[in-house]
Amino acid sequence: MLMRRLPFLLPGAVALLLGLDAGLQLLDLPAVPVSERLPDVHGMLLVLGFVGTLISLERAVALRRRPGYAAPALLGVGGLLIVPPGTARAGQVLLVAGSGALCLVYAALWRRQRDEAVVVQALGAVLALGAVILWLGDVPVPRLLPWLAGFVVLTIAGERLELARIDLARSGPVLLSSVTLTLAAVVGLLWPGVGHPVFGLALLVLVGWLATHDVARRTVRSTGLPRFAAVCLLAGYAWLTVAGALWLLAGPVLEGPAYDAAVHAVFLGFTLSMIMAHAPVILPAVLRVALPYHSALYVPAVLLHASLLVRVVGGDARGWGLAREVGGALNVAAVLCLVAVLLWSAATAPRPNRHLPTQSVGPAASSRGDVERPLTGVAP
């Protein structure tokens, strides 16, 4: 199972490394000179080439149909092809195709299990598709920030509805704020002065509801993996609150310190923290490899949030160049540290008992394709 699914993950892993290298170049720090174009595709490489590949692979596993794997394959390869100038246009086309394939995966999941969680995630996929189509039409990436942010935020919000056992009967505000957020991203492309504040307000409503109803508020007082996941989740919600406040209060966020802070809050503080929270549960289900929890996971988590605080408060808000560089370098170190800890955990894990009973990862197992995990696992 590992060798069948790993090839879909590898392009995303390469996109992550290239994206980190691009980040170092943007900070004027020592980096591997892969391509002069690398800093220009930094955002799309990480959001669609890396995060998009991870999300679409997990969804393809949930769908349990071979055509579903077209989405991670197209997004992964497309993410790599946008780096060389000669294949950039082909890469963009593949990203469009991959995002479209992800939308079709959600359509199939909706036919299987008609619930709000799938709708919320599908709205995120639609925003990803719209963003890459607009980018193909030469719309600057800063204009597309709400679209890309909406993609990751809505995808993760839908995941929380499924994984965290949130009562879907009370999820009306999530669906309403998700639709509002999607429409605000569209309006913001034409009238940023109107769309961006509404986008920020919808984001605050969404994160407020999630933070209030998420089981992480209780599991943060437990131990082991549930506590670690809860810490990462709550920290991610805090950073998303910062981003929502910036969009609401700072007006059109298209450049300057407010733009940088919003980018870092969403894609580092929120998205990466959520990846840390879910990785010990999702990766074993997708790749069928054991990833036992270890307290060493706190090292990249603490490093991420401490360095991001330095970068946003000292670098973005106060304009201190040293804080920007130090915070950015430590952000990269946090990601590499996370990868190292996960690889170490997988390498040192005891062989699983093939006869161990299993249960579904979350309550919406039918929409997730009945992905299973050992009973000893813990949903965050």
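Heads up, the Cβ atoms here are built off N, Cα and C, so glycines get one too.
Annotation comment: TrEMBL describes 38-57 (among others) as transmembrane segment. Within its own chain, the transmembrane segment (38-57) is flanked in space by residues 5, 8-9, 11-13, 15-16, 18-19, 21-23, 25-26, 69, 71-72, 75-76, 78-80, 82-83, 88, 95, 98-99, 101-102, 105, 128, 132, 135, 141, 148, 151-152, 155, 263, 267, 271, 275, 286, which lie at least six positions past its ends and keep a Cβ under 8 Å from the stretch.
Marked as transmembrane segment by TrEMBL: 69-87 (among others).
The transmembrane segment feature in TrEMBL is assigned to 93-110 (among others). Long-range contacts of the transmembrane segment (93-110) within the same chain, counting only residues at least 6 positions beyond its ends with a Cβ under 8 Å from a Cβ of the stretch, are 44, 48-49, 52, 55-56, 59-60, 62-63, 65, 67-68, 70-79, 81-82, 118-119, 121-122, 125-126, 128-129, 132-133, 136, 367-368.
Annotation source TrEMBL lists transmembrane segment at 117-137 (among others).
Residues annotated as transmembrane segment in TrEMBL: 228-249 (among others). Within its own chain, the transmembrane segment (228-249) has Cβ neighbours under 8 Å at 146, 149, 153, 160, 196-197, 199-201, 203-204, 207-208, 210-211, 214-220, 222, 258, 261-262, 265-266, 268-271, 273-274, 276-278, 280-281, 293, 295, 297-298, 301, 305, 308, 312, 378, 380, counting only residues six or more beyond its boundaries.
Through the fold, the transmembrane segment (261-283) approaches residues 43, 46-47, 51, 54, 58, 145, 149, 152-153, 156, 159, 163, 225, 228-230, 232-233, 235-240, 242-243, 246-247, 253, 289, 291, 293, 297, 300-301, 304-305, 308, 311-312, 316-317, 331, 334-335, 338, 342, 345, 361, 373, 377-380 of its own chain, all at least 6 residues removed from its boundaries and within a Cβ separation under 8 Å. Per TrEMBL, the feature transmembrane segment maps to 261-283 (among others).
The transmembrane segment annotation in TrEMBL covers 295-314 (among others).
Annotation comment: TrEMBL describes 326-347 (among others) as transmembrane segment. Panel annotation: around the transmembrane segment (326-347), residues 16, 20, 23-24, 26-27, 29, 264, 268, 272, 275-276, 279-280, 283, 289-294, 296-297, 299-301, 303-304, 306-312, 314-315 of the same chain, lying at least six beyond its termini, place a Cβ under 8 Å from a Cβ of the stretch.
Among the features that TrEMBL reports, region 'Disordered' is placed at 354-380.
Residues 8-12, 14-15, 18, 34-35, 37-38, 41, 44-45, 48-50, 52-53, 56-57, 59-60, 93-95, 97-99, 101-102, 104-105 of the same chain lie 6 or more positions beyond the ends of the transmembrane segment (69-87) yet place their CB under 8 Å from a CB of it.
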